[in-house]
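Written below as structure tokens is the structure these notes are about.
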Amino acid sequence: MAWRGAIVAEPLLILDGLRKHYGGLAVTDGVSLDLRMGEIHAIIGPNGAGKTTLIHQVSGTVAPDAGRVIFGGRDITRLSFPARVRAGLARSFQITSILSGFSALENAALAAQRRHGSSFRFFRAAARDATLNTAGMAALEAVGLAERATMQAGALSHGEKRQLELALALATEPRALLLDEPLAGAGQEETARLIAILRALRDRYAILLVEHDMDAVFALADRVTVLEQGRVLATGTPAAIRADAAVRAAYLGEEEIPC
Amino acid sequence: MMRWSPALLLALLAAAPWLGFSGSYEFTLMARAMVLALAALSLGFLVGGAGLVSLGHAAMLGVGGYAVAILDAHGVTEALLVLPAAVAAAALFALLTGAIAIRTSGVHFIMITLAFGQMAFFTASSLAAYGGDDGYTLYARTEIAGHRLLENRLAFHYLCLALLAGAWLLLRAILASRFGRVLRATRENAQRAEAMGFAPYAYRLAAYAIAGAVAGLAGFLMANATEFVAPSAIAWQRSGELLFMVILGGVGSLPGAILGAAAFVVAEEQLATLTEHWRLIFGPLLILAVIFLPHGLAGRHRG
Amino acid sequence: MSGTLLLVQALNGLQLGVLLFLVAAGLTLVFGVMDFINLAHGVQYMLGAYLGAHFAAIMGSFWLALPLALLGSLAIGLLLEVLVFRHLYARDHLAQVLATFGVILVLNQGVKAVWGTAPRELPVPALLDGGITIMPGLQYPVFRIAIIAAGLATAGLLWLVVERTKVGMLIRAGATNPRMVAALGVDVRRLFTLVFATGAMLAGFAGVMAAPIFSVEPGMGDTVLILAFVVIVIGGIGSIRGAFIAALLVGLIDTLGRSLMPDLMRLILDASSARQAGAAIASMLVYVAMAAVLAFRPAGLFPVRGG
């Protein structure tokens with residue numbers, strides 16, 4: 001896929017020299033990259049390259065030792081995880097994290113609640129709140145889960161749970177999405193469906209995608225950044241990354257890069 | 001069945017005075033059950049709604065009760081003043097101690113609430129002007145708009161019942177509200193609640209204060225029911241008992257807390273007629289209930 | 001307040017501190033390694049005191065009563081482990097709190113049924129009776145000095161075991177990362193039993209040592225349990241070093257607070273109000289200290305678990 005020339009705007013998200021050490025081990029060692037509106041920027045790398053730790057630092061669940069995270073021109077390095085979500089930086093989790101006891105719609109409606117009025121309302125039943133239900137339903141529709149709305153989330157199939165995970169991120173009405181292995185554990189059919197959903201989302205969001213499924217990465221990404229031992233090995237278009245000798249060397253013995 | 005049994009229980013309590021349960025003993029017992037049910041209800045809201053296992057809830061009851069006693073000692077016996085004061089004092093106590101306790105979680109939270117409860121207990125014991133260890137006897141029950149209405153057993157019975165039913169409906173509505181949804185989400189999956197943009201702290205603290213307020217109401221009734229307030233009534237064992245009532249009825253269910261409290265009072269009363277060492281029977285029952293009935297008497301876990 | 005009185009109060013505080021440490025050490029290890037919250041730890045302290053008083057009354061000797069009480073504490077601890085606690089390791093903290101609360105009800109009532117409600121006494125052994133002059137004109141009871149010495153020695157021994165032996169290494173690893181220890185193929189059950197037995201003996205030991213100075217009565221364990229909770233919350237759950245430092249801190253704050261507060265209040269209040277207010281504030285001091293520590297360090301002074 002060619003790099004679409006339309007992307008000229010300022011980056012929405014900038015990671016500037018992020019560092020994180022655990023003991024003597026540098027898990028993130030000076031990572032800088034950026035993410036623009038309307039693009040999918042994939043981060044790949046061998047196991048232990050520091051992809052998930054990086055996502056944690058961007059989303060605010062792990063504090064970096066050094067470096068900055070700039071979002072929409074604002075330094076959000078010190079913001080908490082929920083505060084970043086409110087600023088428009090939503091994330092999904094590698095291990096499905098949903099409210100199993102809530103229905104799919106209740107899940108999505110709650111995710112939308114932060115954008116639609118105060119949450120310190122104590123008396124009116126939320127289930128009858130049309131604003132919330134409409135917003136929640138829209139998010140479910142965006143991932144093709146509308147007909148499962150009343151089902152208890154814990155009873156959904158694995159693939160549907162992955163879709164709901166995505167819907168919950170969308171319902172927070174973000175500008176950027178941090179997706180941590182959205183295809184994890186999905187079967188072939190489910191993967192195809194999720195790829196189609198992600199592709200449909202691309203134009204409206206900036207998406208930072210961590211994914212192990214290389215076919216999916218090269219089918220979806222506008223740009224790819226390769227991490228190795230906490231450092232950026234290379235950043236470029238999928239074609240350029242495929243051709244990169246250093247990347248090929250790093251991946252020897254790991255997953256094959258499809259050509 | 002579970003859904004309606006507390007309504008049935010409340011209806012029975014409403015009818016009881018007309019079914020022959022109108023002696024001094026019966027009224028005392030029912031008042032005790034309703035006061036504890038109100039306290040257990042507020043704790044059930046905290047445990048089931050917010051996932052906050054407090055082992056210091058009796059202190060909230062105590063703050064409400066002592067508010068009545070202290071005002072009484074200074075000649076203030078008007079319910080329109082005393083009741084809001086008791087509720088507000090307990091809510092404020094909850095807010096202040098909760099602000100620190102809720103910074104922690106899990107077993108830390110259990111221990112810290114226990115410690116704050118004990119702090120309230122020792123403070124009450126050292127209030128020599130209000131009876132100290134021996135407790136404080138009210139001059140009279142609280143008056144309502146100048147009338148000594150609560151001296152009437154029947155009126156007091158229905159006041160307790162109305163407040164219990166009202167608190168149940170109120171807490172149920174709160175759990176179903178926008179706020180309640182966030183609260184339940186933080187209990188079920190705090191990480192997900194955060195990913196939805198909710199920082200759990202403020203919601204948990206608000207829930208803690210609400211539970212404190214309702215327990216303060218229970219404390220107001222407790223003081224009036226017995227016309228007496230003592231540190232022993234708010235000792236940490238009472239907090240443990242309240243927790244047991246909540247569990248007995250099944251965690252996560254407000255009706256369960258009411259049923260649990262009723263079952264507790266009846267069991268205690270029955271066992272106490274058997275032997276003065278009734279705790280030797282009650283304790284093992286509690287242990288067996290925990291080990292073999294993980295979801296309470298209701299037998300199922302409400303999501 | 002005079003300097004000598006202050007010294008006496010400081011020694012009393014130290015003595016309360018080491019007793020608290022003996023109770024808190026078991027509690028913090030059991031929680032650290034087994035993730036098990038044992039409210040019944042306080043009644044195990046009480047049983048130590050009762051067994052000590054009982055055996056001393058029969059045998060007529062503190063020195064015979066001490067080992068017997070320790071063995072008794074151990075036996076009861078292991079019995080409780082088999083009957084009750086073992087079924088709770090996999091359960092949530094709520095279930096653990098409730099079931100061990102049930103154990104408290106039973107044992108508190110049990111000692112009433114067996115020994116009555118009146119306080120019992122364990123006389124100070126002749127060898128440690130009397131006082132020694134620690135400063136010109138100041139006598140301090142030998143027995144209290146002995147408690148401090150025994151407590152410090154036990155703390156030192158415990159520290160050596162935890163820091164310097166293989167078992168200690170497993171205990172520390174267990175407190176930091178319980179799953180890892182299980183994954184290493186260690187017999188976790190045996191480690192649990194060992195830690196548990198040690199905790200029960202330490203609590204029992206504290207009970208016997210405390211019996212001659214405090215009254216032996218039902219419910220005596222509850223106060224100690226709650227103070228021990230304060231200790232391990234301040235010290236950081238699972239940390240022996242934290243428990244030690246926090247125990248001394250709590251012992252000193254509580255004891256000194258009770259003797260100093262009324263005098264301090266005299267500066268701003270009249271005598272009788274000062275006594276009342278002083279007593280009220282003094283009884284709150286350790287909890288205020290706990291709140292202050294937690295406000296700045298929610299995981300305690302020496303947090304063990306990473307992340």
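Cβ from N, Cα, C; glycine included.
Pulled from TrEMBL, these are the features on record:
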- C:12-33: transmembrane segment (TRANSMEM)
- C:45-62: transmembrane segment (TRANSMEM)
- C:68-85: transmembrane segment (TRANSMEM)
- C:97-118: transmembrane segment (TRANSMEM)
- C:138-162: transmembrane segment (TRANSMEM)
- C:191-214: transmembrane segment (TRANSMEM)
- C:226-256: transmembrane segment (TRANSMEM)
- C:277-296: transmembrane segment (TRANSMEM)
With the cut-off at Cβ under 8 Å and a gap of six or more residues from its ends, the chain residues touching the transmembrane segment (C:45-62) are 23, 68-70, 72-73, 76, 107-108, 111, 115, 120-125, 203-208, 210-212, 214, 216, 218-221, 224-225
Recorded stretches the transmembrane segment (C:68-85) and the transmembrane segment (C:191-214) touching, at least 3 CB pairs under 8 Å: yes
Under a Cβ pair cut-off of under 8 Å, which of the recorded stretches C:12-33, C:97-118, C:191-214, C:226-256, C:277-296 contacts the transmembrane segment (C:138-162) most often? C:12-33
Positions on the same chain near the transmembrane segment (C:97-118), where near means CB under 8 A and six or more residues out: 37-40, 42-43, 46-47, 50, 54, 80, 84-85, 87-88, 217-219, 221-222
For the transmembrane segment (C:191-214), could you work out the same-chain residues 6 or more beyond its ends whose Cβ comes under 8 Å from its Cβ atoms? 19, 22-23, 25-27, 29-30, 33-34, 38, 41-42, 44-53, 62, 65-66, 69-70, 72-74, 76-78, 80-81, 85, 89, 121-125, 143-144, 147, 150-151, 154, 158, 167, 170-171, 174, 181, 220-221, 224
Distal contacts, the transmembrane segment (C:226-256) - CB-CB under 8 A, six or more residues away: 6, 9-10, 12-21, 23-25, 27-29, 31-33, 41-42, 155, 158-159, 162, 175-176, 282, 285-287, 289-290, 293-294, 299-305
